[in-house]
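*Asks:* The following block contains the structure, expressed as structure tokens.
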Amino acid sequence: MVENVNINNKRAGKMSAAPTPHNTPSGTSAPNFGAKAPQVNTIDEGDENLEAIDGKLGSLLHLTSEGVSELPEAVQRRISGLRGLQKRYSDLESQFQKELFELEKAYAKKYAPIFKRRSEVVRGADEPTEEEIKKGEAADENEKKEPTSSESKKQEGGDDTKGIPEFWLTAMKNVLSLSEMITPEDEGALSHLVDIRISYMEKPGFKLEFEFAENPFFTNKILTKTYYYMEESGPSNVFLYDHAEGDKVDWKENADLTVRTVTKKQRNKNTKQTRVVKVSVPRDSFFNFFNPPTPPSEEDEESESPELDELLELDYQIGEDFKEKLIPRAVEWFTGEALALENYDGFSDLDVEEDEDDVESSSNEEVSDSDEEDSDSKHTAHGQQNAAECRQQ
């Protein structure tokens with residue numbers, strides 16, 4: 001799981017700020033829930049107690065920064081010995097991470113024939129064999145699961161249906177982080193998505209490949225998004241995320257889903273004449289995923305910001321969700337089974353009453369935009385409404 005931390009600092013002193021790949025250990029031990037809390041004296045309002053506590057805090061800070069050098073020589077030698085053992089552990093952990101990455105690459109090659117067969121069935125290039133069908137039915141019986149809504153409403157006929165329509169779009173919409181990126185306009189284009197694949201590079205990193213059938217939105221047959229890890233490992237000898245690169249989408253005329261057309265009125269200050277112009281402004285779309293945020297360079301520290309860090313972390317997490325969730329278990333996301341397993345904690349959202357003052361304040365707010373008027377994007381491929389706000393930018 002990606003850590004909720006700053007991920008764009010590459011300097012050695014800040015390596016711990018970068019997230020680690022989803023399937024690597026975080027390097028921290030589990031909390032000891034059985035441990036007793038430290039006993040702290042009750043703080044009264046008297047100055048005497050406050051001064052005593054202040055003195056204890058000062059001694060702790062002193063021990064943290066300088067106390068080791070003041071310990072007896074024999075104790076310092078033992079600490080040096082522990083550091084030597086820690087170095088041996090770190091070397092082994094570094095070797096483990098490298099071998100784990102190579103193991104992932106090796107098994108990716110073994111998974112490839114399975115995913116290829118899945119792609120053939122989804123796009124309608126081939127039908128599943130009797131053996132494949134029997135194994136799937138046997139797995140359903142072993143799990144003794146209740147039928148999903150899609151299974152309980154089987155439709156008659158459908159013999160002319162090719163493959164599994166909107167397989168990947170449906171699966172993606174069942175993954176929370178991915179569904180939040182998809183706008184109503186995006187669905188028309190994503191319905192032409194026939195496969196999503198992952199491949200590994202020689203250098204640490206992975207590539208996502210999105211294959212599309214011919215469609216009225218863009219000319220690309222395959223769109224890729226590549227995630228790169230840093231060459232040098234972090235303090236825990238795990239791979240650290242560096243940056244991502246995506247393909248440019250070659251949009252067909254008037255079909256760009258990442259922009260919308262806005263009609264604006266302009267007035268000449270001298271002649272007082274007005275004219276109407278149309279400009280394109282960015283809008284939310286899943287396809288912004290292929291134009292990832294760029295981490296600032298090491299020299300450009302001024303461009304660092306919490307907002308950029310959040311965008312970088314979100315972009316990396318989305319890539320991990322494709323890699324670790326959607327691609328390995330696509331059919332379970334399509335049927336909704338994986339979504340049920342995600343809700344393992346048994347908690348559900350509760351209805352919370354809003355503060356009356358907040359509700360009244362919100363109802364009294366007015367939004368005025370006399371200068372701009374959203375116009376129909378006039379996409380030749382569809383006539384859906386403008387997208388709702390989503391996280392991916």
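A Cβ is built for glycine as well, from the same backbone N, Cα and C atoms used for every other residue.
As annotated by Swiss-Prot, compositional bias 'Polar residues' applies to 21-31, 382-393. Taken from Swiss-Prot, the feature compositional bias 'Basic and acidic residues' applies to 122-163. As annotated by Swiss-Prot, compositional bias 'Acidic residues' applies to 297-307, 348-360, 366-375. Summarising the annotation, Swiss-Prot assigns phosphoserine to S16, S26, S59, S90 and lists experimental evidence as the type of evidence. Marked as phosphothreonine by Swiss-Prot: T20, T24. Look at Swiss-Prot and you will find 1-38, 122-164, 288-307, 346-393 tagged as region 'Disordered'.
In the displayed structure, how are the listed features positioned relative to their neighbours?
*Replies:* Reduced to three states, the DSSP call for S90 (phosphoserine) is helix.
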*Asks:* Around the Cβ of S90 (phosphoserine), how many other Cβ atoms lie within 10 Å? Please give the count over every shown protein chain.
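*Replies:* Counting Cβ neighbours of S90 (phosphoserine) within 10 Å gives 15.
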